[in-house]
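Following: one structure in structure tokens, then a few remarks.
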Amino acid sequence: MGGWSSKPRKGMGTNLAVPNPLGFFPDHQLDPAFKANSDNPDWDLNPHKDNWPDANKVGVGAFGPGFTPPHGGLLGWSPQAQGLLTTVPAAPPPASTSRQSGRQPTPLSPPLRDTHPQAMQWNSTTFHQTLQDPRVRALYFPAGGSSSGTVSPAQNTVSAISSTLSKTGDPVPNMENISSGLLGPLLVLQAGFFLLTKILTIPQSLDSWWTSLNFLGQTPVCLGQNSQSQISSHSLTCCPPICPGYRWMCLRRFIIFLCILLLCLIFLLVLLDCQGMLPVCPLIPGSSTTSTGPCKTCTTPAQGTSMFPSCCCTKPTDGNCTCIPIPSSWAFAKFLWEWASVRFSWLSLLVPFVQWFVGLSPTVWLSVIWMMWFWGPSLCNILSPFMPLLPIFFCLWVYI
């Protein structure tokens, strides 16, 4: 069976008409698809065929006892695949030559020109020449695009890529700046939430103070709990909706909200008047009407930039025009004082006393200290509900 012979072939696999593609029969060659050619069509008579010496062995294989596929089992040539149990000794670990223990420092990475020399050869010129290829240019400029030989966007892109690759690395972001940038809004949010919670307690505190005036020296008790409705004992400022005193509690808090709003508006008005943003014409003695018609020369803006007039003009009945400049600050306060002085003549008698009292600064300070010492505890109890409004007034004073 090892060479060419004219003797009739014997044994299994002699019938060439029987297909044997996987070669599971002894003394038969594999499928011609593995080594097929037109010169050796007769694979059973091929002198270079594989005689499969392992195919005649009888042993426990991957396909059961007494049958082992040629060229090893489907699981391979390993002893475990052939059904033989063997113990492979584990290779001992290599002996360490370093006496140091623990984590060693990471060695420095070699430069790019040593590890990837091909990357250093890919410069901008090579990249630009590659872009001249029609197949590559078609990716950047589809049908209907530019057909010129030079690709202008590619040069800009290459310059940007080259400038990016020329850097050794981007700088590490400063974590201190990032934390400070996040800390500011968080502090503002926390302060705003704190002020909001305190402001919401103002109506309840003022309501307690209001109701305590009716129970001097006693604990305020809601009178609605003594009615026919079965209501548990509660404070006068926390009436449930089924309590008859609930409507009065809502009315008191509504009035308190209006008073707080009025207080904020008064503070804003004083602030605007102090900065001269309320151009109110003062009262002129003996004037009946105020007009800006025939006296436009007197109503020119102050310093040429202000949108408010710098003076007021009056037009009496005889037709003569009188102009008085508007105060740069406290115009509205002076207007109110003049108006009150006209209505109440006795207020003019207080002007010298107020001027004398203000002129005595040590006396004024001593008086203020004495009043705070005497009435301090009572004033603190009265003004404590309004303390959360002080930061709001301060912010308005600074930013307006």
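Keep in mind that glycine also has a Cβ here, set from the backbone N, Cα and C atoms.
Relative to the membrane, SER109 and PRO220 occupy opposite sides according to Swiss-Prot.
Cross-referencing ASN123, ASN320 with Swiss-Prot, the residue annotated as N-linked glycosylation site turns out to be ASN320. Along the region 'Pre-S1' (2-119), the predicted structure has mean pLDDT 56.
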